[in-house]
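Participant: According to TrEMBL:
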- 53-87: repeat 'PPR' (REPEAT)
- 115-149: repeat 'PPR' (REPEAT)
- 216-250: repeat 'PPR' (REPEAT)
- 287-321: repeat 'PPR' (REPEAT)
- 349-383: repeat 'PPR' (REPEAT)
- 425-455: repeat 'PPR' (REPEAT)
- 456-490: repeat 'PPR' (REPEAT)
Amino acid sequence: MARHGLLKQLVGDLSFLDSTPFAKLLDSCARSKSACHTRRVHARIIKTQFSSEIFIQNRLIDVYGKCGCLDDARKVFDKMPERNTFTGNSIICALTKSGFLDEAVKIFGSMRDYDQCTWNSLVSGFAQHDRWEEALECLVKMRREDFVLNDYSFGSALSACAGLRDLKMGIQIHALISKSRYSSDVYMGSALIDMYSKCGSVTWAQRVFDWMEERNNVSWNSLISCYEQNGPASEALDVFLRMMDCGLEPDQVTLASVVSACASLLAIKEGVQIHARVVKCDKFRNDLILGNALVDMYAKCGRINEARWVFDRMPIRNVVSETSMVSGYAKAASVKAARLMFTKMTERNVISWNALISGYTQIGENEEALSLFLLLKRESVCPTHYTFGNLLNACANLADLQLGKQAHSHVLKHGFRFQNGEEPDIFVGNSLIDMYTKCGSVEDGCRMFENMLERDHVSWNAMIVGYAQNGYGTESLGIFRKMLASGEQPDHVTMIGVLCACSHAGLVEQGRKYFHSMTEEHHLVPLKDHYTCMVDLLGRAGHLDEAKNLIETMPMEPDAIIWGSLLGACRIHRNITLGKFVAEKLLEIEPNNSGPYVLLSNMYAELGRWSDVVKVRKLMKQRGVIKQPGCSWIEVKGHVHVFLVKDKRHTKRKEIYRLLNSLIKQMKKAGYIPDSCDHEAHEEQSDSELTSFYIKNMPQDAAAG
C-alpha cells in the first residue's frame, strides 16, 4: 500500500528538479519485478524533461531486463540518441539474462568502451546458459586485456569448469584465486569445492575445505554432496556428523544429500534417523527434493512400504517421486505394482521406462521387457545406454540370437561408441559380448570385443567366461594372458572363467597353477565358486581323491553344488565307493533333490548292481522324492516346441516317433550297441534332466560373467 501511494504521488507531480525520484521508483519496480509499474513510471518519464537523459534511460533498460521485458528494454536502447558504457552494460545484461547471447556479443563488439562489468555480464551469461567453452574464452580475453577479475568473474569461471568437467582449467582458476584478495572468501571456497566435486577430484575438494578459515552451510553442503556423488558415501555421513558437532543447523540441501548417501550405502538405520529429524521440522516436511530423496532411499533399501508411506504423504510429487516408486516396486519384484504406478504417471521419462524394463528382466519376464522396449520406441522416447543394457540382457536370457542382432542394430543407430566418458556407454558393448556368447555366437562376441574403442575389466571377463562356457578353453586362456599383458587386474569373476576354461580343456596342471596364483599373485581370496571350479576340473580329469581332499580342506562349508560336481565325476569314472559317500553327503544337504538319487542309481546300473538300483528307488519312494521329467525344446520358424519324457501331447507326435524309430534302425545297422543301463537310465531320468540339474546349480557368477 505504501509503495502504491508513493507511485501516485510521484507520477502526479511532474515538477521534479532532477530524475532521482524516478530512479528510486524504478529501483522499487526492479525489486518487485513489476513490469506493469515499470511501464507506468516510463509513461510519466516520457512527459518530463528527463525522457532523453542517459542516466534514467539506462535505468529503464536495466529494470525492463530484470522484469523480463526484453522487447521494452530493446526499444529504449534503439531510440537512445546517445549511449555510454553503462548503456551497453544494461542491454547486454538484459540480453544474457534472456538467453540472447549472440546478440549480446554483437552489441559488445560495437561498443567503444567497456569495463569489468561488461566482461562479467558476458562470462556470467555464457556460464548460466551452459555455453561453458565461450564463458572461459571470455575470461581469458578479459584477463589478456588486463581487466581485474573479481568474485563474479571467478564464480562464473568455476561454474563453467564444473560444467565441462575441466579439472585442468579449474586448477588454473584456483591458482588465480589464491593470488587474489578472494583467496579466503567463504563463497569462493564453496565454489571451489563444488567445482572439484563436479570434476571428480575428492582429494582437492577436501583440501580446499580444510584450508578455509571460515565455513558456512554452503561449504559443508558442497563437501557432503562431493562425497555423496563421488564416494566413498560413508564419508558424507562423517562430514555431516562433524557439521552437527560444529553447531551448524542442516538445511534441506544437507539432509537430501545425506539421505542420498544412505541410499547408496543401504544404510537404513541412519536413513530412518534423518527421516525422524525431517518429520519433527515443519519447514522440511513438505520439501519436494527431500521427499524424493527419502522415497528413493527407502526404495533402494528394499523398504517399499515405508517408501509408499512417504510418497502418499507428499503434498507435491513429480516425475522423480513416481520414478523412484516404480524402481522400488521393480526391485522388490512387485512388477505388477510397478506397472500400475507406471500407467498412472502423468509424466514419464526414460528413467521410468528403464526402471520398469529392468524390473521385468530381473524376474525373468524377458518377453515383457522386450514388449516394453517396443512400446517405448512407439512413443518416441529416446532410449539410453541403460535401456539397451536391459534389452540385451533380456535377449541373452532368452538365448535368442535373432532378437539380439536386432537389438544390436538399434544400438548402432543410436551412435554408441562403447567408451568411458561423461555418460559412459562401455557397458553396452559388454552387454553385447555377453549376449552373443550366451546365444552361442562366440565369433560375433569376439568381433564386438575387438571393435570396442575402450575396454574395462568387465569386457575382458565377458570374453573369458564366454569362451569358457562355449567350450573354447584354449582361446579363453589366451584372452586372459592378453588381459594381464594390458595391465588390467583380474577379479573373482575373471578367475572363475579361467578355471572353467581349464576344466573344459582338461588342463589340470594349469588349473592348479591359476588357482594358487589367485592368492600369491593377484591377492584374491578364493570363494566357494572357485573351489567348485577346481573340484570340477579335478573330477573331470579323474583326480577324485584330490578333489575330495580339496573339499574337506575348504575354509567354508561345502554345498550341494560342489558335492554334486564330485558325484558327477564319480559316475563318469565309475568310482562307486566314493560316489556312495558323496551321495550321502548330498542327501544330508538336500534330502528331497532327485538328482543325487538318480546319479547313484545310474552308477549302480552301469555296474550291473540291480539290487542296489531297486534299493535307491525304494528309498526315493519312502522319502517322497519325485523325479522331475527330462525336458528338451527346439525353435522352428519362431515357435518353440517343448518335449517331456514319454510326452504324447504334440500334434505331430506320430510323425516324430516314426522318424525316431527310423533313426534307431539306421543306428543299429551302423553298429550302434546300446549301453546295458540305457533303458533303465531312460526310465529313471533322461540325460537332459541330469544336464538341467547341473546347469541350474552351476556357480551364478560364472553364468553371469
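The backbone N, Cα and C atoms fix where each Cβ goes, and this holds for glycine too.
Where the annotation comes from TrEMBL, it is an automatic prediction and has not been curated.
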Participant: Who are the long-range neighbours of the repeat 'PPR' (425-455) in its own chain, taking Cβ under 8 Å and residues 6 or more past its ends?
Facilitator: 385, 388-389, 392-393, 395-397, 399-401, 404, 407-408, 411, 416-419, 462-463, 465-467, 469-470, 472, 488, 705
Participant: Which residue counts does DSSP give the repeat 'PPR' (349-383) for helix, strand and coil?
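Facilitator: So the repeat 'PPR' (349-383) is made up of 26 helix, 0 strand, 9 coil.
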Participant: What same-chain residues lie close to the repeat 'PPR' (349-383): Cβ under 8 Å, and 6 or more beyond its ends?
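Facilitator: Residues packing against the repeat 'PPR' (349-383) from afar: 319, 322-323, 326-327, 329-331, 333, 335, 338-339, 342, 390-391, 393-395, 397-398, 403, 410, 414.
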Participant: How does the repeat 'PPR' (115-149) divide up by DSSP, counting helix, then strand, then coil residues?
Facilitator: 26 helix, 0 strand, 9 coil
Participant: Counting by DSSP secondary structure, give me helix, strand and coil numbers for the repeat 'PPR' (456-490).
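Facilitator: Split by secondary structure, the repeat 'PPR' (456-490) comes out as 26 helix, 0 strand, 9 coil.
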Participant: Across the repeat 'PPR' (349-383), what does the pLDDT come to on average, as a whole number?
Facilitator: 91
